[in-house]
Amino acid sequence: SPSKVRLVGGAHRCEGRVEVERNGQWGTVCDDGWDWNDLVVVCRELNCGAANRTQSGASYRPPAPEDQKVLIQDVSCSGIEDTLFQCEQSEDVYDCPHAEDAGARCVNPDSDVRLVDGPGRCQGRVEVLHQGQWSTVCKAGWNLRAAKVVCRQLGCGRALLTRRCCNKMTQGKGPIWMRQMSCSGQEANLQDCPLRPLENNCTHDEDTWMECEDPFELRLVGGDNPCAGRLEVLHKGTWGSVCDDSWGEEEDQVVCKQLGCGRSLSPSSKAGKSYRPGAGRIWLDDVVCSGKEKSLESCQHRLWGYHDCTHKEDVEVMCSVLSKKKEKEKDKMEKEEEEKEEEEEKEKEKKGENNNRRRRKTGRKEEREERQG
């Protein structure tokens, strides 16, 4: 059955004000209790890749019509549900104007690259959409920097490997994309990478296979609100703990930011533990962040499942809970920051073009002087 949730007013179908359908009527969602886990479920239901960040729904234009109802409030997902309507929620909405509509931003809209025939969406044979057809990619034109871009574009974790593949069962059958990718690894999208034609022909024996880590989903459990508790990350469908080796204030800051909470309030990791230790898997160890990352997945860490810890060393994080007013101010500041960064990038590009023009002009002047001399 079609999804009963949609995102309205964003730059693409995977970003915008959250709206749900009840009895044939579309209405908004109150942002009381709206958090990272709810966002994860919406992105999953809409097949929009990984969650990027929670957002004020009122920041999207045009705003919700005055006569549109706010249909649900106090949504509480655990983060593993397939649809928003599997989560706890209240239809008894009170004291929630459209200024408090929930918003969502997911990492990736409809993509022009995919990984196929792998064990999950973050591993497989690389295919790009070119002139309306999915084409395999020749390994001769591919490297790990291009793989990093694809992992980012698909909302997966870090790039792990890229290699030539495949056997007759898993190699491609259609066209082969004959291009040399020259990515820096920092691009947001494969389309941003410079490319040139490959000189030699390829066969499907030279198709490209690549693997990314699974996307990060995280939560704080055992606390009295979603912004405090023992840290857990989701990997291969199982929630597990994080070891506190190398963990400090910078790592706390990244977790608080990713969960849409306020600043870190965590005491020193050497202080006594406040929450019950976990059980089951310990997924991450030796996590190192600068504090500027938007997501824990951008920080360095050992491979999934590799550690030398017990659950006595589980990471705990405490963040301040933002009031609605502060949350909206934070969204506004982050948006202004992003716009400022984009402007600075444009200025740099413009300056580079002007310098190139000046060099060309000087070169032509010197050539004329030589000829006249």
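Placement of Cβ uses the backbone N, Cα and C atoms for every residue, glycine included.
All annotation found in TrEMBL is predicted automatically rather than curated by experts.
Fair warning: this is a prediction, and the values are worked out from it, not measured in the lab.
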C138: disulphide-linked cysteine among C77, C202, C212 [source: TrEMBL]:
C202
Identify the disulfide partner of C151 as annotated in TrEMBL; candidates are C77, C87, C96, C212.
C212
Which cysteine out of C77, C106 is the one TrEMBL pairs with C87 in a disulfide?
C77
Nearest recorded site to C202 (disulfide bond) by CA-CA distance, among disulfide-bonded residues C87, C212, C299:
C212
Would you mind checking how many other C-beta atoms are within 10 angstroms of the C-beta on C183 (disulfide bond)?
20
What's the CA to CA span in angstrom from C193 (disulfide bond) over to C77 (disulfide bond)?
38
Cβ neighbour count within 10 Å of C202 (disulfide bond):
19
